[in-house]
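S.K.: There's a structure below that I have some questions on.
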Amino acid sequence: MAKTYDYLFKLLLIGDSGVGKTCVLFRFSEDAFNSTFISTIGIDFKIRTIELDGKRIKLQIWDTAGQERFRTITTAYYRGAMGIMLVYDITNEKSFDNIRNWIRNIEEHASADVEKMILGNKCDVNDKRQVSKERGEKLALDYGIKFMETSAKANINVENAFYTLARDIKAKMDKKLEGNSPQGSNQGVKITPDQQKRSSFFRCVLL
């Protein structure tokens, strides 16, 4: 059977339990929100195919358990990931502080050139905010990682986040292909300006 996509990207969602990883994934894959999800046991995944620069990209997105007892299972999935989203809850200071630990996990278990992004989730609950947007931006800047605030419930920036991560992965792949093509060959992939890595900070506004 003919392949229905041009690229397959494996993405991973990591972060403390209860930060809304499953809700973010469900919003992106099903365009729906369910506030009654129980904590993910081990690992689960969803698939969605998107189009970027005229190419069909199949995203295989793995949702990991945040609890310590599942850590051995979930770290095994880091290795093949091409993109990792680190999620914290803006109403939970501890989940933000633990992002540094999650980054250490990535450094230990994931590929050195994996694309990363930090998501401050639940930005619709501004009255209970414990972590300012500026602190999220600074942490991301410290590690050279892109940052967005999201809300799975209000559907803020979820689509933007996945598309941005996928675009960065594709740009990196295209550059590698271009670098591997013989000198003078026309077989290399041409990088268009909008594919180049850009720093994107999206303000969380509930309309």
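Glycine is no exception: its Cβ is also placed from the backbone N, Cα and C atoms.
Not my notes, these are from Swiss-Prot:
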type	residues	note
BINDING	17-23, Ser35, 39-40, Gly66, 121-122, Asp124, 152-153	GTP binding site
BINDING	Thr22, Thr40, Asp63	Mg(2+) binding site
MOTIF	31-45	motif 'Switch 1'
MOD_RES	Thr72	phosphothreonine
MOD_RES	Ser181	phosphoserine
MOD_RES	Ser185	phosphoserine
MOD_RES	Cys204	cysteine methyl ester
LIPID	Cys204	S-geranylgeranyl cysteine
S.K.: On average, what pLDDT score does this prediction assign to the motif 'Switch 1' (31-45)?
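M.R.: Mean pLDDT for the motif 'Switch 1' (31-45): 68.
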S.K.: Tell me, if you would, which residue among Ser17, Thr22 (binding-site residues) has the fewest other CB atoms within 10 Å in the structure shown?
M.R.: Ser17
S.K.: What is the number of other Cβ atoms found within 10 Å of the Cβ of Lys122 (GTP binding site)?
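M.R.: I get 29 for this one.
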S.K.: What's the CA-CA gap between Ala152 (GTP binding site) and Thr22 (Mg(2+) binding site) in angstrom, rounded?
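M.R.: Each residue's Cα considered, Ala152 (GTP binding site) and Thr22 (Mg(2+) binding site) end up 9 Å apart.
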S.K.: Could you state the whole-number distance in Å separating the C-alpha atoms of Lys21 (GTP binding site) and Asp63 (Mg(2+) binding site)?
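M.R.: With the alpha carbons as reference points, the distance is 7 Å.
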S.K.: Say we define neighbours as other CB atoms within 10 Å of the CB. Which of the binding-site residues Lys21, Asp63 has the fewest?
M.R.: Asp63
S.K.: By the DSSP assignment reduced to helix, strand and coil, which category contains Asp63 (Mg(2+) binding site)?
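M.R.: Note: Asp63 (Mg(2+) binding site) is in a strand by DSSP.
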S.K.: What three-state class does DSSP give Cys23 (GTP binding site)?
M.R.: helix
S.K.: Measuring Cα to Cα, how many Å separate Ser17 (GTP binding site) from Asp63 (Mg(2+) binding site)?
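M.R.: Given the Cα positions, Ser17 (GTP binding site) is 11 Å from Asp63 (Mg(2+) binding site).
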S.K.: Whole-number answer please: how many Å between the C-alpha atoms of Val19 (GTP binding site) and Asp63 (Mg(2+) binding site)?
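M.R.: Per the Cα atoms, Val19 (GTP binding site) and Asp63 (Mg(2+) binding site) stand 12 Å apart.
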S.K.: How far is it from Lys122 (GTP binding site) to Thr22 (Mg(2+) binding site), counting Cα to Cα, in Å?
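M.R.: Given the Cα positions, Lys122 (GTP binding site) is 12 Å from Thr22 (Mg(2+) binding site).
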